[in-house]
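Novice: The structure that follows is given in the form of structure tokens.
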Amino acid sequence: MPVITLPDGSQRTFDQPVSVAEVAASIGAGLAKATLAGKVDGKLVDACDKIDHDATLQIITPKDEEGLEIIRHSCAHLIGHAVKQLYPTAKMVIGPVIDEGFYYDIAYERPFTPDDLAAIEKRMQQLIDTDYDVVKKMTPRAEVIDVFTSRGEDYKLRLVEDMPDEQAMGLYYHEEYVDMCRGPHVPNTRFLKAFKLTKLSGAYWRGDAKNEQLQRVYGTAWADKKQLAAYIQRIEEAEKRDHRKIGKQLDLFHLQEEAPGMVFWHANGWTVYQVLEQYMRQVQRENGYQEIKTPQVVDRILWERSGHWSNYAENMFTTSSENRDYAVKPMNCPCHVQVFNQGLKSYRDLPLRLAEFGACHRNEPSGALHGIMRVRGFVQDDAHIFCTEDQVKKEAADFIKLTLDVYKDFGFTDVAMKLSTRPAKRVGSEELWDRAEGALADALNESGLEWEYQPGEGAFYGPKIEFTLRDCLGRNWQCGTLQYDPNLPERLDASYIAEDNSRVRPVMLHRAILGSFERFIGMLIEHYAGVFPAWLAPTQAVIMNITDKQADFALEVEKALNGSGFRAKSDLRNEKIGFKIREHTLLRVPYLLVIGDREVETQTVAVRTREGADLGSMPVAQFAELLSQAVSRRGRQESE
């Protein structure tokens, strides 16, 4: 007689084992119809699963976060059902849930086309409309092997081989189609109506480029059509903001096949890049960092000592010269330890903060490259703080405050902070981990802001803090990090003289605020849709004459503004003023200055904004003050 305790504390007693669906039906017909699955004693189970003991139960519906994940996972299985009907020789591989959607990897004799994608989606919709039940069968391993052998599903058999020899596995039947999964899944396809397939891409078996290539079908699914429509609208807006498209429109950068994953910065884009670098240089100088520069190409001996050669070699670009092996640095930290190691260091020298705009290169898979967001050559606002264990909390607290201030200057105020703690496989004593995690947690608490733990997500040698920004489309971008590291100083023999004259290893704090400049600029382009705040805009003001008679004064204004440290250009082309205004508005120039005969006579400029606001005529000095105020606000006016 199982006694079921519901979330509100009420209890229901049953005479025999009862399924989640039956419990829901005993509560009400509406809940029974909405039931996707259940959470029994905290564990997700299918709606058909029986409960044979006293237990707590939460009914999972599409309104729950877990419910949405179940819907998406079931949609992935539905791809399999549709694909096997349309392309019977296709081999199904895996179909997991991802952020806001799902995908299925498939082996097929030819690449799928957009027409195939449309056909698969149409067949999925037809299958959903039949409202068939999804049937779960717990099946002995030997029988599972027989099922997939008879169907020629080679990849499923390879997956079964990797799984522990359990008594039974979950097989989910979508009519004639069967897939293997831990579950849970929807009980009926009526829950899958709000879905859409989104794109095709390539993939590799087990994610290894040495293995056979597969095709990946992506999709998204939501609790209802309204949520799906909102998502599609958001994606369409994101496509309009695609940094690759805007980068071309604004002449910021380009990429080409001869240098995959390497950015060709044009004058406009390089201006934005330089503003970022100069800003971060000023910020770091004001906060006690020493800027250094370290070599690009370093002997493998250093990478062996640091551990990168054995753990990261496949991602490193290497070369040889005069019988010596070298690597182009994928990260800056080992080189920064070399700078620290020059000369004797005392505890009085700590904390020592070494910063570098370090150019790094990583041999990312070509299929993973994406515009300037995911590249092979990039620059980091990288720094390493060498300090004593007692100084960690203050250094971390100062870094948190600095990082949040920097993000505000770029218009980002929605920042999530997470503390990743000790993983199962780790080095160092429990006491060391306790102190390290405690120092970072205390620093986070000192900020007065909310943060959360990520248990087990730390590096094997130490905990870390991650900063995730949310942009105007609600997308999350992991940017800043603070990594506690006692390991690299040990490997590279870094030490300082303590107060008692003993040699002690420093703690090394790896930290970055923007991360990769390339990726951060890509984020800014999409966040602002290319409408950069005045301080970042490649051209801050354009001066336009109406006729040739005003050309000399236009050039005087340009010279005066540039002489005051602004970025101004004149447009003296023999075009109608309306044409010029439209063109520079499309180029997202913040301020458009028009000069006619009246402006020449009064020595003023007629000021318009790219948003179309007419600010009237004013002396050049007054406009310079207006522009100066806009620049000094940086991106904060965009977020306040």
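If you go along the chain as it appears here, the first residue is 1 and each next one adds 1.
Here the Cβ of each residue, glycine as well, is placed from N, Cα and C on the backbone.
Since we're looking at a predicted model, the values are computed, not measured.
These came from Swiss-Prot, pasted as-is:
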BINDING   Cys333, His384, His510  Zn(2+) binding site
DOMAIN    1-61  domain 'TGS'
REGION    242-533  region 'Catalytic'
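Describe the structural context of each listed feature in the structure shown, including burial, neighbouring residues and relevant distances.
Specialist: Every protein chain considered, the tally of other Cβ atoms within 10 Å of the Cβ of Cys333 (Zn(2+) binding site) stands at 20.
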Novice: Beyond Cys333, His384, His510, what residues of that chain have CB atoms within 8 A of the centre of the Zn(2+) site's CB atoms?
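Specialist: Apart from Cys333, His384, His510, the close residues are Met331, Asn332, His336, Val337, Asp382, Ala383, Gln483, Asp485, Leu488, Met508, Leu509, Arg511.
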Novice: Provide the number of Cβ atoms within 10 Å of the Cβ of His384 (Zn(2+) binding site), excluding the reference atom itself.
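Specialist: There are 28 such Cβ atoms around His384 (Zn(2+) binding site).
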Novice: Using DSSP, what's the helix, strand and coil tally for the domain 'TGS' (1-61)?
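Specialist: The counts are 14 helix, 24 strand, 23 coil.
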Novice: Taking only same-chain residues 6+ apart in sequence, whose CB is under 8 Å from that of His510 (Zn(2+) binding site), what do you get?
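Specialist: Listed in sequence order: Cys333, Asp382, His384, Thr481, Leu482, Gln483, Asp485.
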Novice: When the pLDDT values for the domain 'TGS' (1-61) are averaged, what is the result?
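Specialist: Across the residues of the domain 'TGS' (1-61) the model's pLDDT averages 91 on the 0 to 100 scale.
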